[in-house]
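A short worksheet on the structure shown next.
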Amino acid sequence: MGRDIPDNETWWYNPTMEVHPHWKQFNQVPDAVYYSLGIFIGICGIIGCTGNGIVIYLFTKTKSLQTPANMFIINLAFSDFTFSLVNGFPLMTISCFIKKWVFGMAACKVYGFIGGIFGLMSIMTMSMISIDRYNVIGRPMAASKKMSHRRAFLMIIFVWMWSTLWSIGPIFGWGAYVLEGVLCNCSFDYITRDSATRSNIVCMYIFAFCFPILIIFFCYFNIVMAVSNHEKEMAAMAKRLNAKELRKAQAGASAEMKLAKISIVIVTQFLLSWSPYAVVALLAQFGPIEWVTPYAAQLPVMFAKASAIHNPLIYSVSHPKFREAIAENFPWIITCCQFDEKEVEDDKDAETEIPATEQSGGESADAAQMKEMMAMMQKMQQQQAAYPPQGAYPPQGGYPPQGYPPPPAQGGYPPQGYPPPPQGYPPAQGYPPQGYPPPQGAPPQGAPPQAAPPQGVDNQAYQA
(Lines of atoms letter the chains of each structure in order from A and count residues from 1; the text may use other names and numbers.)
(Lines give C-alpha, C1' and ligand atoms only; values in the text may rest on other atoms or scores of the structure.)
Protein backbone atom coordinates (compact mmCIF):
# COMPACT_ATOMS: atom_id res chain seq x y z
CA MET A 1 0.00 0.00 0.00
CA GLY A 2 1.43 3.40 -0.93
CA ARG A 3 2.56 5.91 1.64
CA ASP A 4 2.17 9.11 -0.46
CA ILE A 5 -0.96 11.21 -0.09
CA PRO A 6 -3.06 10.48 -3.20
CA ASP A 7 -4.30 13.22 -5.47
CA ASN A 8 -7.83 11.90 -5.19
CA GLU A 9 -8.86 12.89 -1.66
CA THR A 10 -12.49 11.79 -1.89
CA TRP A 11 -12.04 8.61 0.14
CA TRP A 12 -11.01 10.37 3.37
CA TYR A 13 -12.37 13.91 2.89
CA ASN A 14 -15.31 14.67 5.16
CA PRO A 15 -16.84 18.17 5.22
CA THR A 16 -18.66 17.58 8.53
CA MET A 17 -15.72 16.66 10.80
CA GLU A 18 -11.96 16.34 11.12
CA VAL A 19 -10.12 13.24 9.92
CA HIS A 20 -6.93 12.15 11.70
CA PRO A 21 -3.83 12.76 9.51
CA HIS A 22 -2.84 9.11 9.94
CA TRP A 23 -5.61 7.94 7.60
CA LYS A 24 -4.77 10.47 4.88
CA GLN A 25 -1.52 8.73 3.98
CA PHE A 26 -3.23 5.65 2.56
CA ASN A 27 -4.49 5.15 -0.97
CA GLN A 28 -8.08 5.07 -2.13
CA VAL A 29 -10.20 2.31 -0.59
CA PRO A 30 -11.99 0.37 -3.39
CA ASP A 31 -15.76 0.71 -3.64
CA ALA A 32 -16.11 -3.07 -3.33
CA VAL A 33 -14.68 -2.87 0.20
CA TYR A 34 -17.30 -0.32 1.25
CA TYR A 35 -20.19 -2.25 -0.27
CA SER A 36 -19.04 -5.59 1.14
CA LEU A 37 -18.58 -4.03 4.56
CA GLY A 38 -22.02 -2.40 4.35
CA ILE A 39 -23.69 -5.70 3.47
CA PHE A 40 -21.85 -7.55 6.26
CA ILE A 41 -22.67 -4.94 8.92
CA GLY A 42 -26.28 -4.74 7.72
CA ILE A 43 -26.73 -8.51 8.00
CA CYS A 44 -25.09 -8.54 11.45
CA GLY A 45 -27.35 -5.71 12.58
CA ILE A 46 -30.56 -7.34 11.36
CA ILE A 47 -29.70 -10.80 12.73
CA GLY A 48 -28.40 -9.31 15.99
CA CYS A 49 -31.55 -7.27 16.57
CA THR A 50 -33.84 -10.17 15.63
CA GLY A 51 -31.99 -12.83 17.63
CA ASN A 52 -31.54 -10.78 20.76
CA GLY A 53 -35.07 -9.42 20.46
CA ILE A 54 -36.41 -12.99 20.48
CA VAL A 55 -34.26 -13.79 23.52
CA ILE A 56 -35.63 -10.78 25.42
CA TYR A 57 -39.21 -11.61 24.41
CA LEU A 58 -39.00 -15.27 25.47
CA PHE A 59 -37.17 -14.64 28.73
CA THR A 60 -39.67 -11.95 29.76
CA LYS A 61 -42.74 -13.94 28.64
CA THR A 62 -41.79 -17.43 29.89
CA LYS A 63 -42.17 -17.59 33.67
CA SER A 64 -39.90 -20.62 34.08
CA LEU A 65 -37.03 -18.59 32.59
CA GLN A 66 -37.45 -15.65 34.96
CA THR A 67 -34.81 -16.80 37.43
CA PRO A 68 -32.06 -14.68 39.03
CA ALA A 69 -29.33 -16.32 36.96
CA ASN A 70 -31.20 -15.63 33.73
CA MET A 71 -31.30 -11.90 34.48
CA PHE A 72 -27.72 -11.84 33.20
CA ILE A 73 -28.83 -13.45 29.93
CA ILE A 74 -31.52 -10.77 29.51
CA ASN A 75 -29.01 -8.01 30.24
CA LEU A 76 -26.57 -9.49 27.71
CA ALA A 77 -29.32 -9.74 25.09
CA PHE A 78 -30.39 -6.14 25.76
CA SER A 79 -26.84 -4.79 25.41
CA ASP A 80 -26.27 -6.78 22.21
CA PHE A 81 -29.66 -5.68 20.84
CA THR A 82 -28.80 -2.00 21.40
CA PHE A 83 -25.27 -2.54 20.12
CA SER A 84 -26.63 -4.03 16.88
CA LEU A 85 -29.38 -1.43 16.50
CA VAL A 86 -27.19 1.66 16.93
CA ASN A 87 -23.67 0.58 16.05
CA GLY A 88 -24.55 -1.71 13.18
CA PHE A 89 -27.70 -1.24 11.19
CA PRO A 90 -28.55 1.39 10.01
CA LEU A 91 -25.95 4.13 10.72
CA MET A 92 -22.79 2.29 9.73
CA THR A 93 -24.53 0.46 6.89
CA ILE A 94 -25.71 3.75 5.36
CA SER A 95 -22.24 5.28 5.78
CA CYS A 96 -20.61 2.32 4.03
CA PHE A 97 -22.84 2.66 0.97
CA ILE A 98 -22.26 6.43 0.88
CA LYS A 99 -18.55 5.70 1.52
CA LYS A 100 -18.16 8.25 4.32
CA TRP A 101 -19.63 9.21 7.70
CA VAL A 102 -22.35 11.74 6.96
CA PHE A 103 -23.94 12.29 10.38
CA GLY A 104 -21.54 14.87 11.83
CA MET A 105 -19.30 15.16 14.86
CA ALA A 106 -22.04 15.13 17.52
CA ALA A 107 -23.53 11.92 16.12
CA CYS A 108 -20.02 10.45 15.97
CA LYS A 109 -19.58 11.01 19.72
CA VAL A 110 -22.99 9.55 20.53
CA TYR A 111 -22.33 6.59 18.23
CA GLY A 112 -18.94 5.94 19.84
CA PHE A 113 -20.30 6.33 23.37
CA ILE A 114 -23.20 3.92 22.79
CA GLY A 115 -20.88 1.44 21.09
CA GLY A 116 -18.45 1.73 23.98
CA ILE A 117 -20.93 1.40 26.83
CA PHE A 118 -22.87 -1.53 25.36
CA GLY A 119 -19.78 -3.27 24.00
CA LEU A 120 -18.11 -3.12 27.42
CA MET A 121 -21.41 -4.08 29.06
CA SER A 122 -21.54 -7.19 26.91
CA ILE A 123 -18.00 -8.13 27.98
CA MET A 124 -18.65 -7.53 31.68
CA THR A 125 -21.99 -9.35 31.61
CA MET A 126 -20.24 -12.41 30.21
CA SER A 127 -17.89 -12.30 33.18
CA MET A 128 -20.87 -12.12 35.58
CA ILE A 129 -22.40 -15.15 33.85
CA SER A 130 -19.12 -17.03 34.31
CA ILE A 131 -19.09 -16.16 38.03
CA ASP A 132 -22.66 -17.41 38.45
CA ARG A 133 -21.94 -20.67 36.62
CA TYR A 134 -18.76 -21.18 38.62
CA ASN A 135 -20.69 -20.81 41.89
CA VAL A 136 -23.35 -23.28 40.73
CA ILE A 137 -21.08 -25.89 39.11
CA GLY A 138 -17.58 -25.36 40.47
CA ARG A 139 -18.63 -24.84 44.11
CA PRO A 140 -22.05 -26.51 44.50
CA MET A 141 -21.40 -27.56 48.10
CA ALA A 142 -19.92 -24.25 49.24
CA ALA A 143 -21.77 -22.52 52.05
CA SER A 144 -22.24 -19.34 50.05
CA LYS A 145 -25.38 -17.32 49.53
CA LYS A 146 -27.63 -18.52 46.76
CA MET A 147 -28.31 -16.23 43.83
CA SER A 148 -31.38 -14.08 44.39
CA HIS A 149 -33.15 -11.51 42.24
CA ARG A 150 -31.78 -8.75 44.47
CA ARG A 151 -28.22 -10.00 44.25
CA ALA A 152 -28.43 -10.45 40.48
CA PHE A 153 -29.92 -6.96 40.13
CA LEU A 154 -27.07 -5.42 42.15
CA MET A 155 -24.51 -7.23 39.99
CA ILE A 156 -26.18 -5.88 36.84
CA ILE A 157 -26.15 -2.35 38.31
CA PHE A 158 -22.42 -2.79 38.85
CA VAL A 159 -22.02 -3.86 35.20
CA TRP A 160 -23.83 -0.72 33.99
CA MET A 161 -21.77 1.57 36.23
CA TRP A 162 -18.51 -0.13 35.24
CA SER A 163 -19.29 0.16 31.52
CA THR A 164 -20.36 3.80 31.85
CA LEU A 165 -17.21 4.68 33.77
CA TRP A 166 -14.89 3.59 30.96
CA SER A 167 -17.09 4.91 28.13
CA ILE A 168 -17.81 8.42 29.37
CA GLY A 169 -14.17 9.55 29.63
CA PRO A 170 -13.78 10.56 25.95
CA ILE A 171 -16.92 12.72 26.23
CA PHE A 172 -15.11 14.88 28.81
CA GLY A 173 -11.71 14.99 27.15
CA TRP A 174 -10.01 11.84 28.49
CA GLY A 175 -9.39 10.45 25.03
CA ALA A 176 -11.84 11.04 22.19
CA TYR A 177 -14.35 9.41 19.86
CA VAL A 178 -13.13 9.68 16.27
CA LEU A 179 -13.50 8.08 12.85
CA GLU A 180 -11.52 4.87 12.34
CA GLY A 181 -10.59 2.40 9.61
CA VAL A 182 -12.33 3.19 6.34
CA LEU A 183 -13.93 6.19 8.12
CA CYS A 184 -17.51 4.93 8.18
CA ASN A 185 -17.81 4.47 11.94
CA CYS A 186 -16.56 6.07 15.17
CA SER A 187 -14.79 4.53 18.13
CA PHE A 188 -12.20 5.27 20.81
CA ASP A 189 -9.23 7.25 19.54
CA TYR A 190 -6.29 4.86 19.70
CA ILE A 191 -4.17 6.64 17.05
CA THR A 192 -3.23 9.88 18.83
CA ARG A 193 -0.16 9.42 21.02
CA ASP A 194 -0.67 12.06 23.70
CA SER A 195 -0.77 11.39 27.45
CA ALA A 196 -4.56 11.58 27.79
CA THR A 197 -5.25 9.18 24.93
CA ARG A 198 -2.51 6.76 25.95
CA SER A 199 -3.62 6.62 29.59
CA ASN A 200 -7.22 6.11 28.47
CA ILE A 201 -6.27 3.21 26.18
CA VAL A 202 -4.01 1.56 28.78
CA CYS A 203 -6.61 1.81 31.55
CA MET A 204 -9.35 0.46 29.29
CA TYR A 205 -7.07 -2.40 28.20
CA ILE A 206 -6.36 -3.39 31.80
CA PHE A 207 -9.73 -2.84 33.48
CA ALA A 208 -12.25 -3.21 30.63
CA PHE A 209 -10.56 -6.07 28.75
CA CYS A 210 -7.96 -7.94 30.86
CA PHE A 211 -9.97 -7.83 34.09
CA PRO A 212 -13.12 -9.46 32.61
CA ILE A 213 -11.09 -11.96 30.61
CA LEU A 214 -9.21 -13.08 33.72
CA ILE A 215 -12.54 -13.63 35.47
CA ILE A 216 -13.86 -15.64 32.53
CA PHE A 217 -10.69 -17.74 32.24
CA PHE A 218 -10.58 -18.45 35.98
CA CYS A 219 -14.25 -19.43 36.23
CA TYR A 220 -14.44 -21.65 33.15
CA PHE A 221 -11.06 -23.27 33.85
CA ASN A 222 -12.31 -24.28 37.29
CA ILE A 223 -15.61 -25.44 35.82
CA VAL A 224 -13.78 -27.72 33.38
CA MET A 225 -11.54 -29.01 36.20
CA ALA A 226 -14.57 -29.64 38.42
CA VAL A 227 -16.43 -31.66 35.80
CA SER A 228 -13.25 -33.58 34.94
CA ASN A 229 -12.61 -34.54 38.57
CA HIS A 230 -16.26 -35.35 39.05
CA GLU A 231 -16.23 -37.70 36.06
CA LYS A 232 -13.24 -39.61 37.46
CA GLU A 233 -14.75 -39.93 40.92
CA MET A 234 -18.11 -41.05 39.60
CA ALA A 235 -16.43 -43.70 37.44
CA ALA A 236 -14.66 -45.05 40.54
CA MET A 237 -17.91 -45.16 42.51
CA ALA A 238 -20.16 -46.42 39.71
CA LYS A 239 -20.26 -49.99 41.08
CA ARG A 240 -21.93 -48.81 44.27
CA LEU A 241 -24.79 -47.01 42.53
CA ASN A 242 -28.25 -48.49 42.13
CA ALA A 243 -30.17 -48.29 38.86
CA LYS A 244 -31.69 -44.87 39.53
CA GLU A 245 -28.40 -43.40 40.67
CA LEU A 246 -26.61 -44.92 37.69
CA ARG A 247 -29.13 -43.25 35.37
CA LYS A 248 -28.42 -39.93 37.01
CA ALA A 249 -24.69 -40.54 36.76
CA GLN A 250 -24.97 -41.17 33.02
CA ALA A 251 -27.08 -38.02 32.63
CA GLY A 252 -24.53 -36.11 34.67
CA ALA A 253 -21.66 -37.37 32.49
CA SER A 254 -23.51 -36.11 29.42
CA ALA A 255 -24.10 -32.77 31.15
CA GLU A 256 -20.41 -32.57 32.04
CA MET A 257 -19.36 -32.96 28.41
CA LYS A 258 -21.84 -30.29 27.33
CA LEU A 259 -20.63 -27.88 30.00
CA ALA A 260 -16.98 -28.46 29.14
CA LYS A 261 -17.62 -27.89 25.42
CA ILE A 262 -19.69 -24.77 26.06
CA SER A 263 -16.94 -23.42 28.32
CA ILE A 264 -14.32 -23.83 25.60
CA VAL A 265 -16.61 -22.24 23.00
CA ILE A 266 -17.32 -19.26 25.28
CA VAL A 267 -13.65 -18.49 25.91
CA THR A 268 -12.77 -18.91 22.22
CA GLN A 269 -15.67 -16.69 21.14
CA PHE A 270 -14.66 -13.99 23.60
CA LEU A 271 -11.05 -13.95 22.38
CA LEU A 272 -12.04 -13.89 18.70
CA SER A 273 -14.51 -11.05 19.27
CA TRP A 274 -12.49 -8.61 21.33
CA SER A 275 -8.79 -9.51 21.15
CA PRO A 276 -8.32 -7.96 17.67
CA TYR A 277 -9.49 -4.57 19.01
CA ALA A 278 -7.09 -4.79 21.95
CA VAL A 279 -4.18 -5.77 19.69
CA VAL A 280 -4.78 -2.92 17.20
CA ALA A 281 -5.15 -0.34 20.00
CA LEU A 282 -1.90 -1.40 21.69
CA LEU A 283 -0.11 -1.60 18.34
CA ALA A 284 -1.20 1.94 17.47
CA GLN A 285 0.04 3.27 20.82
CA PHE A 286 3.26 1.33 21.32
CA GLY A 287 4.14 -0.36 18.02
CA PRO A 288 4.78 0.57 14.37
CA ILE A 289 1.76 2.76 13.71
CA GLU A 290 2.12 2.33 9.95
CA TRP A 291 0.93 -1.25 10.42
CA VAL A 292 -2.48 0.12 11.44
CA THR A 293 -3.90 0.45 7.93
CA PRO A 294 -7.59 1.16 7.21
CA TYR A 295 -8.07 -2.56 6.58
CA ALA A 296 -6.24 -3.63 9.76
CA ALA A 297 -8.33 -1.19 11.78
CA GLN A 298 -11.62 -2.28 10.21
CA LEU A 299 -11.24 -6.03 10.82
CA PRO A 300 -11.67 -5.74 14.62
CA VAL A 301 -14.89 -3.80 14.00
CA MET A 302 -16.29 -6.71 12.02
CA PHE A 303 -15.39 -9.27 14.72
CA ALA A 304 -16.88 -7.09 17.48
CA LYS A 305 -20.13 -6.47 15.58
CA ALA A 306 -20.50 -10.21 14.91
CA SER A 307 -20.32 -10.98 18.65
CA ALA A 308 -23.88 -9.69 19.00
CA ILE A 309 -25.01 -12.59 16.79
CA HIS A 310 -23.36 -15.57 18.45
CA ASN A 311 -23.82 -14.40 22.05
CA PRO A 312 -27.54 -15.33 22.06
CA LEU A 313 -26.71 -18.63 20.36
CA ILE A 314 -24.12 -19.62 22.95
CA TYR A 315 -25.74 -18.29 26.12
CA SER A 316 -29.42 -18.79 25.30
CA VAL A 317 -29.90 -21.62 22.82
CA SER A 318 -27.67 -23.82 25.00
CA HIS A 319 -30.28 -23.39 27.76
CA PRO A 320 -32.72 -26.37 27.67
CA LYS A 321 -35.75 -24.39 28.86
CA PHE A 322 -35.02 -21.69 26.30
CA ARG A 323 -35.07 -24.29 23.51
CA GLU A 324 -38.36 -25.53 24.91
CA ALA A 325 -39.74 -21.96 24.83
CA ILE A 326 -38.58 -21.58 21.21
CA ALA A 327 -40.37 -24.79 20.26
CA GLU A 328 -43.59 -23.49 21.82
CA ASN A 329 -43.50 -19.89 20.52
CA PHE A 330 -41.39 -20.02 17.35
CA PRO A 331 -41.49 -23.58 15.97
CA TRP A 332 -40.20 -22.32 12.61
CA ILE A 333 -36.84 -21.58 14.28
CA ILE A 334 -36.58 -25.23 15.31
CA THR A 335 -37.14 -26.24 11.69
CA CYS A 336 -34.90 -23.54 10.24
CA CYS A 337 -31.98 -24.17 12.60
CA GLN A 338 -32.51 -27.95 12.40
CA PHE A 339 -32.66 -28.47 16.14
CA ASP A 340 -33.16 -32.10 17.04
CA GLU A 341 -36.73 -32.45 18.33
CA LYS A 342 -35.65 -35.50 20.32
CA GLU A 343 -33.05 -33.33 22.05
CA VAL A 344 -35.77 -30.86 23.01
CA GLU A 345 -37.85 -33.73 24.42
CA ASP A 346 -34.82 -35.07 26.29
CA ASP A 347 -34.33 -31.63 27.77
CA LYS A 348 -37.93 -31.69 28.99
CA ASP A 349 -37.37 -35.11 30.58
CA ALA A 350 -34.16 -33.94 32.20
CA GLU A 351 -35.89 -30.85 33.56
CA THR A 352 -38.70 -33.07 34.93
CA GLU A 353 -36.37 -35.50 36.67
CA ILE A 354 -33.99 -32.87 38.03
CA PRO A 355 -35.76 -29.49 38.02
CA ALA A 356 -33.81 -26.24 38.15
CA THR A 357 -35.54 -24.14 40.74
CA GLU A 358 -35.17 -20.52 41.57
CA GLN A 359 -33.89 -21.45 45.02
CA SER A 360 -30.98 -23.31 43.41
CA GLY A 361 -30.00 -20.26 41.41
CA GLY A 362 -32.08 -20.98 38.31
CA GLU A 363 -29.40 -23.04 36.66
CA SER A 364 -30.05 -25.14 33.60
CA ALA A 365 -30.91 -28.84 33.70
CA ASP A 366 -27.29 -29.72 32.92
CA ALA A 367 -26.04 -27.70 35.87
CA ALA A 368 -28.77 -29.08 38.15
CA GLN A 369 -27.91 -32.65 37.14
CA MET A 370 -24.28 -32.13 37.90
CA LYS A 371 -25.01 -30.39 41.19
CA GLU A 372 -27.18 -33.28 42.40
CA MET A 373 -24.60 -35.86 41.31
CA MET A 374 -21.84 -34.04 43.16
CA ALA A 375 -24.04 -33.85 46.27
CA MET A 376 -24.70 -37.59 46.10
CA MET A 377 -21.01 -38.30 45.58
CA GLN A 378 -20.01 -36.15 48.55
CA LYS A 379 -22.57 -37.91 50.76
CA MET A 380 -21.12 -41.30 49.85
CA GLN A 381 -17.61 -40.02 50.52
CA GLN A 382 -18.71 -38.79 53.96
CA GLN A 383 -20.17 -42.21 54.74
CA GLN A 384 -16.93 -43.89 53.78
CA ALA A 385 -14.90 -41.47 55.88
CA ALA A 386 -17.15 -41.94 58.92
CA TYR A 387 -17.21 -45.74 58.84
CA PRO A 388 -14.25 -47.75 60.18
CA PRO A 389 -12.02 -48.92 57.33
CA GLN A 390 -11.47 -52.59 56.62
CA GLY A 391 -9.24 -54.11 59.32
CA ALA A 392 -10.41 -51.70 62.02
CA TYR A 393 -12.80 -52.87 64.71
CA PRO A 394 -15.82 -51.10 66.10
CA PRO A 395 -16.16 -50.39 69.82
CA GLN A 396 -17.98 -52.65 72.26
CA GLY A 397 -21.19 -50.70 71.83
CA GLY A 398 -22.32 -52.68 68.83
CA TYR A 399 -21.80 -52.88 65.10
CA PRO A 400 -21.90 -50.47 63.43
CA PRO A 401 -20.76 -48.00 66.12
CA GLN A 402 -23.50 -45.80 67.47
CA GLY A 403 -24.10 -42.78 65.24
CA TYR A 404 -22.25 -44.22 62.26
CA PRO A 405 -24.09 -44.68 58.97
CA PRO A 406 -24.28 -48.17 57.46
CA PRO A 407 -21.46 -49.13 55.12
CA PRO A 408 -22.13 -48.63 51.39
CA ALA A 409 -22.60 -52.38 50.88
CA GLN A 410 -25.29 -54.00 48.78
CA GLY A 411 -28.49 -54.24 50.76
CA GLY A 412 -27.28 -51.88 53.47
CA TYR A 413 -26.72 -52.74 57.12
CA PRO A 414 -28.10 -54.87 58.58
CA PRO A 415 -29.09 -57.24 55.76
CA GLN A 416 -32.80 -57.34 55.17
CA GLY A 417 -34.62 -59.67 57.55
CA TYR A 418 -31.85 -59.91 60.16
CA PRO A 419 -32.29 -58.41 63.60
CA PRO A 420 -29.44 -56.37 65.07
CA PRO A 421 -26.94 -58.35 67.19
CA PRO A 422 -27.05 -58.12 71.00
CA GLN A 423 -25.21 -55.11 72.33
CA GLY A 424 -21.54 -55.84 72.79
CA TYR A 425 -21.59 -59.08 70.83
CA PRO A 426 -20.53 -59.86 67.28
CA PRO A 427 -23.17 -60.25 64.64
CA ALA A 428 -24.99 -63.49 64.08
CA GLN A 429 -25.01 -65.28 60.74
CA GLY A 430 -24.92 -62.80 57.92
CA TYR A 431 -23.04 -60.23 59.98
CA PRO A 432 -20.91 -58.26 59.42
CA PRO A 433 -21.43 -57.21 55.79
CA GLN A 434 -19.07 -58.82 53.33
CA GLY A 435 -15.59 -57.35 53.54
CA TYR A 436 -15.89 -56.14 57.15
CA PRO A 437 -14.13 -58.24 59.85
CA PRO A 438 -15.83 -59.06 63.20
CA PRO A 439 -14.66 -57.31 66.37
CA GLN A 440 -11.50 -58.57 68.02
CA GLY A 441 -12.12 -61.46 70.39
CA ALA A 442 -15.50 -62.32 68.90
CA PRO A 443 -16.76 -65.91 69.10
CA PRO A 444 -16.77 -67.89 65.85
CA GLN A 445 -19.63 -67.37 63.45
CA GLY A 446 -22.75 -69.17 64.66
CA ALA A 447 -21.56 -69.51 68.30
CA PRO A 448 -24.10 -68.42 70.92
CA PRO A 449 -23.46 -65.10 72.59
CA GLN A 450 -21.77 -65.17 75.99
CA ALA A 451 -23.15 -63.48 79.01
CA ALA A 452 -22.17 -59.87 79.34
CA PRO A 453 -19.76 -59.00 82.21
CA PRO A 454 -21.17 -57.09 85.16
CA GLN A 455 -20.87 -53.36 84.97
CA GLY A 456 -17.38 -52.18 85.81
CA VAL A 457 -15.77 -55.64 85.37
CA ASP A 458 -13.10 -56.03 82.74
CA ASN A 459 -14.26 -58.25 79.89
CA GLN A 460 -11.05 -60.37 79.71
CA ALA A 461 -10.98 -60.93 83.50
CA TYR A 462 -14.65 -61.88 83.45
CA GLN A 463 -14.12 -64.42 80.65
CA ALA A 464 -11.10 -65.91 82.51
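Every residue gets a Cβ built from N, Cα and C, even glycine.
Here's what Swiss-Prot has on this protein:
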CARBOHYD  ASN8  N-linked glycosylation site
TRANSMEM  34-58  transmembrane segment
TRANSMEM  71-97  transmembrane segment
DISULFID  CYS108-CYS186  disulfide bond
TRANSMEM  110-131  transmembrane segment
TRANSMEM  152-172  transmembrane segment
TRANSMEM  200-224  transmembrane segment
TRANSMEM  262-283  transmembrane segment
TRANSMEM  294-315  transmembrane segment
MOD_RES   LYS305  N6-(retinylidene)lysine
REGION    344-464  region 'Disordered'
COMPBIAS  367-401  compositional bias 'Low complexity'
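Of the listed disulfide-bonded residues, namely CYS108, CYS186, the sparsest Cβ surroundings within 10 Å are found at CYS108. Tallying C-beta pairs under 8 angstroms between the transmembrane segment (294-315) and each of 34-58, 71-97, 262-283 places 262-283 first. The two recorded residues the residue listed as 'N6-(retinylidene)lysine' and CYS186 (disulfide bond) have their Cα atoms spaced 13 Å from each other.
All protein chains included, the residue listed as 'N6-(retinylidene)lysine' registers 25 other Cβ atoms within 10 Å of its own Cβ.
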